[in-house]
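Q: Sharing a structure here in C-alpha coordinates format.
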Amino acid sequence: MVKFYDREFGSRLLIGSALYPSPAIMQDSIRESGAEIVTVSLRRETAGGKAGDQFWSLIRELGVTVLPNTAGCRGVRDAVTTAKLARELFATSWIKLEVIADNDTLQPDVVGLVEAAQILIKDGFEVFPYCTEDLSVAMRLVDAGCRVVMPWAAPIGSARGITNRDALKLLRDRLPDITLVVDAGLGAPSHAAEAMELGYDAVLLNTAIAKAEDPVAMARGFKLAIEAGRTGFEAGLMGARDFASPSTPVIGTPFWHAVS
(Lines of atoms letter the chains of each structure in order from A and count residues from 1; the text may use other names and numbers.)
(Lines give C-alpha, C1' and ligand atoms only; values in the text may rest on other atoms or scores of the structure.)
Protein backbone atom coordinates (compact mmCIF):
# COMPACT_ATOMS: atom_id res chain seq x y z
CA MET A 1 0.00 0.00 0.00
CA VAL A 2 1.10 3.56 -0.68
CA LYS A 3 -0.17 6.54 1.29
CA PHE A 4 -1.01 9.95 -0.16
CA TYR A 5 -1.82 12.26 2.71
CA ASP A 6 -4.49 10.36 4.68
CA ARG A 7 -5.55 7.93 1.95
CA GLU A 8 -4.05 4.56 1.05
CA PHE A 9 -3.94 2.93 -2.37
CA GLY A 10 -2.88 -0.45 -3.69
CA SER A 11 -1.37 0.74 -6.97
CA ARG A 12 1.92 2.61 -7.09
CA LEU A 13 1.24 3.85 -10.62
CA LEU A 14 -0.45 7.21 -11.17
CA ILE A 15 -1.51 7.82 -14.76
CA GLY A 16 -2.36 10.82 -16.91
CA SER A 17 -5.42 11.13 -19.13
CA ALA A 18 -4.05 13.11 -22.09
CA LEU A 19 -2.60 12.34 -25.54
CA TYR A 20 -4.23 8.95 -26.13
CA PRO A 21 -5.25 8.01 -29.70
CA SER A 22 -8.89 7.76 -28.63
CA PRO A 23 -11.07 7.97 -25.51
CA ALA A 24 -11.63 4.20 -25.63
CA ILE A 25 -7.89 3.51 -25.67
CA MET A 26 -7.47 5.91 -22.76
CA GLN A 27 -10.03 3.97 -20.75
CA ASP A 28 -8.56 0.59 -21.63
CA SER A 29 -5.01 1.77 -20.84
CA ILE A 30 -5.99 3.09 -17.44
CA ARG A 31 -7.81 -0.13 -16.60
CA GLU A 32 -4.86 -2.27 -17.73
CA SER A 33 -2.40 -0.19 -15.70
CA GLY A 34 -4.28 -0.89 -12.48
CA ALA A 35 -3.88 2.77 -11.54
CA GLU A 36 -6.28 4.12 -8.94
CA ILE A 37 -5.33 7.79 -9.35
CA VAL A 38 -5.73 9.64 -12.66
CA THR A 39 -4.45 13.15 -13.30
CA VAL A 40 -6.54 15.58 -15.33
CA SER A 41 -5.72 19.06 -16.56
CA LEU A 42 -8.24 21.81 -16.03
CA ARG A 43 -6.58 23.97 -18.68
CA ARG A 44 -6.12 21.28 -21.33
CA GLU A 45 -9.35 19.33 -20.98
CA THR A 46 -12.73 20.94 -21.55
CA ALA A 47 -14.77 20.72 -18.37
CA GLY A 48 -17.97 21.81 -20.08
CA GLY A 49 -19.74 21.19 -23.38
CA LYS A 50 -20.39 17.94 -25.22
CA ALA A 51 -16.72 16.91 -25.52
CA GLY A 52 -16.08 17.73 -21.89
CA ASP A 53 -19.14 15.81 -20.72
CA GLN A 54 -18.00 12.74 -22.65
CA PHE A 55 -14.49 12.94 -21.20
CA TRP A 56 -15.68 13.21 -17.60
CA SER A 57 -18.21 10.44 -18.14
CA LEU A 58 -15.38 8.13 -19.25
CA ILE A 59 -13.29 9.06 -16.21
CA ARG A 60 -16.21 8.48 -13.84
CA GLU A 61 -16.85 5.05 -15.35
CA LEU A 62 -13.35 4.00 -14.31
CA GLY A 63 -14.11 4.55 -10.62
CA VAL A 64 -10.74 6.19 -10.01
CA THR A 65 -9.62 9.04 -7.80
CA VAL A 66 -9.13 12.23 -9.81
CA LEU A 67 -6.02 14.32 -9.18
CA PRO A 68 -6.49 17.68 -10.94
CA ASN A 69 -3.35 19.51 -12.03
CA THR A 70 -2.32 23.03 -12.94
CA ALA A 71 -0.47 22.05 -16.14
CA GLY A 72 0.26 25.02 -18.37
CA CYS A 73 0.31 27.60 -15.57
CA ARG A 74 3.18 30.07 -15.89
CA GLY A 75 2.93 31.99 -12.62
CA VAL A 76 1.85 31.78 -9.00
CA ARG A 77 -1.43 33.63 -9.47
CA ASP A 78 -2.37 31.50 -12.48
CA ALA A 79 -1.61 28.25 -10.63
CA VAL A 80 -3.49 29.28 -7.49
CA THR A 81 -6.54 30.39 -9.47
CA THR A 82 -6.57 27.15 -11.46
CA ALA A 83 -6.25 25.09 -8.28
CA LYS A 84 -9.24 26.85 -6.72
CA LEU A 85 -11.33 26.26 -9.84
CA ALA A 86 -10.35 22.59 -9.78
CA ARG A 87 -11.43 22.28 -6.15
CA GLU A 88 -14.86 23.64 -7.03
CA LEU A 89 -15.28 21.42 -10.09
CA PHE A 90 -14.01 18.16 -8.63
CA ALA A 91 -14.87 18.67 -4.96
CA THR A 92 -11.36 17.69 -3.88
CA SER A 93 -8.64 19.38 -1.88
CA TRP A 94 -5.98 17.47 -3.84
CA ILE A 95 -4.00 19.37 -6.45
CA LYS A 96 -0.97 18.41 -8.53
CA LEU A 97 0.81 21.72 -8.54
CA GLU A 98 2.77 22.71 -11.63
CA VAL A 99 4.29 26.15 -12.15
CA ILE A 100 6.28 26.17 -15.38
CA ALA A 101 9.27 28.44 -15.97
CA ASP A 102 10.14 27.67 -19.58
CA ASN A 103 8.02 26.43 -22.47
CA ASP A 104 10.87 24.60 -24.21
CA THR A 105 12.02 22.48 -21.26
CA LEU A 106 8.81 22.65 -19.19
CA GLN A 107 11.13 23.02 -16.23
CA PRO A 108 9.38 23.89 -12.98
CA ASP A 109 9.64 27.44 -11.66
CA VAL A 110 10.83 26.27 -8.26
CA VAL A 111 10.59 29.70 -6.62
CA GLY A 112 7.03 30.18 -7.78
CA LEU A 113 6.23 26.56 -6.92
CA VAL A 114 7.17 26.98 -3.27
CA GLU A 115 5.24 30.24 -3.03
CA ALA A 116 2.13 28.74 -4.62
CA ALA A 117 2.37 25.67 -2.38
CA GLN A 118 2.48 27.87 0.72
CA ILE A 119 -0.62 29.79 -0.40
CA LEU A 120 -2.61 26.67 -1.28
CA ILE A 121 -1.71 24.74 1.87
CA LYS A 122 -2.85 27.68 4.00
CA ASP A 123 -6.12 27.51 2.05
CA GLY A 124 -6.65 23.85 2.93
CA PHE A 125 -5.23 22.12 -0.15
CA GLU A 126 -3.22 18.91 -0.10
CA VAL A 127 -0.50 19.64 -2.61
CA PHE A 128 1.35 17.25 -4.93
CA PRO A 129 4.17 19.51 -6.21
CA TYR A 130 5.97 18.76 -9.50
CA CYS A 131 9.58 19.82 -8.99
CA THR A 132 13.16 19.21 -10.03
CA GLU A 133 15.41 16.74 -8.22
CA ASP A 134 17.02 19.55 -6.18
CA LEU A 135 17.11 18.60 -2.48
CA SER A 136 16.89 22.19 -1.24
CA VAL A 137 13.70 22.76 -3.24
CA ALA A 138 12.17 19.53 -1.95
CA MET A 139 13.00 20.48 1.63
CA ARG A 140 11.38 23.90 1.19
CA LEU A 141 8.24 22.20 -0.11
CA VAL A 142 8.21 19.88 2.89
CA ASP A 143 8.72 22.84 5.22
CA ALA A 144 5.73 24.50 3.54
CA GLY A 145 3.59 21.50 4.48
CA CYS A 146 3.80 19.17 1.47
CA ARG A 147 3.70 15.50 2.50
CA VAL A 148 4.10 14.38 -1.10
CA VAL A 149 6.93 15.54 -3.39
CA MET A 150 7.12 14.71 -7.11
CA PRO A 151 10.60 15.24 -8.61
CA TRP A 152 11.18 14.74 -12.31
CA ALA A 153 13.43 12.06 -13.78
CA ALA A 154 13.94 14.16 -16.91
CA PRO A 155 11.97 16.85 -18.77
CA ILE A 156 8.29 16.09 -19.44
CA GLY A 157 7.77 13.87 -22.46
CA SER A 158 11.49 13.36 -23.10
CA ALA A 159 11.44 9.58 -22.41
CA ARG A 160 15.08 9.80 -21.29
CA GLY A 161 14.61 8.01 -17.99
CA ILE A 162 16.45 8.89 -14.80
CA THR A 163 19.19 11.37 -15.69
CA ASN A 164 20.40 12.17 -12.16
CA ARG A 165 20.22 8.96 -10.19
CA ASP A 166 22.41 10.23 -7.36
CA ALA A 167 20.17 13.25 -6.74
CA LEU A 168 17.01 11.13 -6.67
CA LYS A 169 18.67 8.68 -4.29
CA LEU A 170 19.69 11.56 -2.04
CA LEU A 171 16.09 12.77 -1.92
CA ARG A 172 14.95 9.31 -0.85
CA ASP A 173 17.67 9.08 1.81
CA ARG A 174 17.03 12.54 3.24
CA LEU A 175 13.21 12.47 3.14
CA PRO A 176 12.39 9.00 4.47
CA ASP A 177 8.96 9.97 5.80
CA ILE A 178 7.75 11.83 2.71
CA THR A 179 5.83 10.12 -0.10
CA LEU A 180 8.08 10.51 -3.15
CA VAL A 181 6.78 10.08 -6.70
CA VAL A 182 8.96 10.18 -9.81
CA ASP A 183 7.03 12.41 -12.20
CA ALA A 184 8.01 13.08 -15.83
CA GLY A 185 10.69 11.90 -18.22
CA LEU A 186 10.20 8.14 -17.97
CA GLY A 187 9.98 6.37 -21.32
CA ALA A 188 10.30 2.63 -20.72
CA PRO A 189 9.13 0.14 -18.10
CA SER A 190 12.77 -0.36 -17.09
CA HIS A 191 12.92 3.33 -16.12
CA ALA A 192 9.97 2.87 -13.77
CA ALA A 193 11.53 -0.25 -12.27
CA GLU A 194 14.72 1.71 -11.59
CA ALA A 195 12.77 4.42 -9.77
CA MET A 196 11.09 1.82 -7.60
CA GLU A 197 14.42 0.11 -6.87
CA LEU A 198 15.64 3.44 -5.49
CA GLY A 199 12.86 3.23 -2.92
CA TYR A 200 10.43 5.69 -4.47
CA ASP A 201 6.84 5.20 -3.43
CA ALA A 202 5.24 5.58 -6.86
CA VAL A 203 5.66 6.90 -10.39
CA LEU A 204 3.41 9.09 -12.50
CA LEU A 205 3.20 8.33 -16.22
CA ASN A 206 1.37 9.70 -19.22
CA THR A 207 3.27 10.21 -22.49
CA ALA A 208 5.22 6.94 -22.29
CA ILE A 209 1.94 5.03 -22.27
CA ALA A 210 -0.27 7.28 -24.41
CA LYS A 211 2.28 7.60 -27.23
CA ALA A 212 3.31 3.94 -27.34
CA GLU A 213 2.41 1.94 -30.45
CA ASP A 214 0.13 -0.13 -28.21
CA PRO A 215 -0.82 1.99 -25.19
CA VAL A 216 -2.84 -0.76 -23.53
CA ALA A 217 0.03 -3.26 -23.67
CA MET A 218 2.49 -0.59 -22.51
CA ALA A 219 0.27 0.19 -19.53
CA ARG A 220 0.50 -3.44 -18.48
CA GLY A 221 4.26 -3.41 -19.03
CA PHE A 222 4.67 -0.44 -16.70
CA LYS A 223 2.39 -2.03 -14.12
CA LEU A 224 4.53 -5.18 -14.02
CA ALA A 225 7.79 -3.21 -13.99
CA ILE A 226 6.65 -1.13 -11.02
CA GLU A 227 5.66 -4.26 -9.13
CA ALA A 228 9.02 -5.89 -9.94
CA GLY A 229 11.02 -2.82 -8.94
CA ARG A 230 9.18 -2.43 -5.64
CA THR A 231 9.57 -6.12 -4.85
CA GLY A 232 13.29 -5.86 -5.54
CA PHE A 233 13.63 -2.86 -3.24
CA GLU A 234 11.72 -4.54 -0.44
CA ALA A 235 13.75 -7.74 -0.86
CA GLY A 236 16.99 -5.80 -0.37
CA LEU A 237 19.19 -5.27 -3.41
CA MET A 238 22.83 -6.31 -3.14
CA GLY A 239 25.29 -3.47 -3.50
CA ALA A 240 27.26 -2.91 -6.70
CA ARG A 241 30.94 -3.94 -6.68
CA ASP A 242 33.98 -2.65 -8.53
CA PHE A 243 35.44 -6.15 -8.91
CA ALA A 244 34.22 -9.68 -9.52
CA SER A 245 33.08 -11.88 -6.67
CA PRO A 246 32.65 -15.65 -7.26
CA SER A 247 29.11 -16.91 -6.87
CA THR A 248 30.33 -20.44 -6.12
CA PRO A 249 32.73 -20.66 -3.14
CA VAL A 250 35.78 -22.92 -3.32
CA ILE A 251 35.79 -25.12 -0.22
CA GLY A 252 37.81 -28.28 0.42
CA THR A 253 38.72 -30.93 -2.17
CA PRO A 254 37.03 -31.19 -5.58
CA PHE A 255 34.49 -34.01 -5.47
CA TRP A 256 36.21 -35.98 -8.23
CA HIS A 257 39.46 -36.03 -6.22
CA ALA A 258 37.61 -37.47 -3.27
CA VAL A 259 36.48 -40.55 -5.20
CA SER A 260 38.75 -43.56 -4.41
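All residue numbers here begin at 1 and follow the chain in the order shown.
Each Cβ is built from the backbone N, Cα and C atoms, and glycine gets one as well.
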Q: Which of these, G157, G232, G236, does Swiss-Prot say binds 1-deoxy-D-xylulose 5-phosphate at the same site as A184, G185, N206, T207?
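A: For the 1-deoxy-D-xylulose 5-phosphate site that includes A184, G185, N206, T207, Swiss-Prot also lists G157.
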Q: Between the binding-site residues N206, T207, where is the Cβ count within 10 Å the lowest?
A: T207
Q: Work through the binding-site residues one by one (G157, G185) and point out the residue whose CB has the fewest other CB atoms within 10 angstroms.
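A: So among G157, G185, the binding-site residues given, the one with the fewest Cβ atoms within 10 Å is G157.
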Q: Max CA to CA distance in Å over the 1-deoxy-D-xylulose 5-phosphate-binding set G157, A184, G185, N206, T207?
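A: Maximum Cα-Cα distance: 10 Å.
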Q: In whole Å, how far is K96 (active site, schiff-base intermediate with DXP) from T207 (1-deoxy-D-xylulose 5-phosphate binding site) when you measure between their Cα atoms?
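A: If we compare the Cα positions of T207 (1-deoxy-D-xylulose 5-phosphate binding site) and K96 (active site, schiff-base intermediate with DXP), the gap is 17 Å.
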Q: Do me a favour and check the Cα-Cα span between N206 (1-deoxy-D-xylulose 5-phosphate binding site) and K96 (active site, schiff-base intermediate with DXP); whole Å is fine.
A: 14
Q: Output, ordered by sequence, the same-chain residues six or more apart from K96 (active site, schiff-base intermediate with DXP) with a CB under 8 Å from its CB, or 'none'.
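A: The list for K96 (active site, schiff-base intermediate with DXP) reads T39, L67, P68, N69, T70, F128, P129, Y130, M150, given in order along the sequence.
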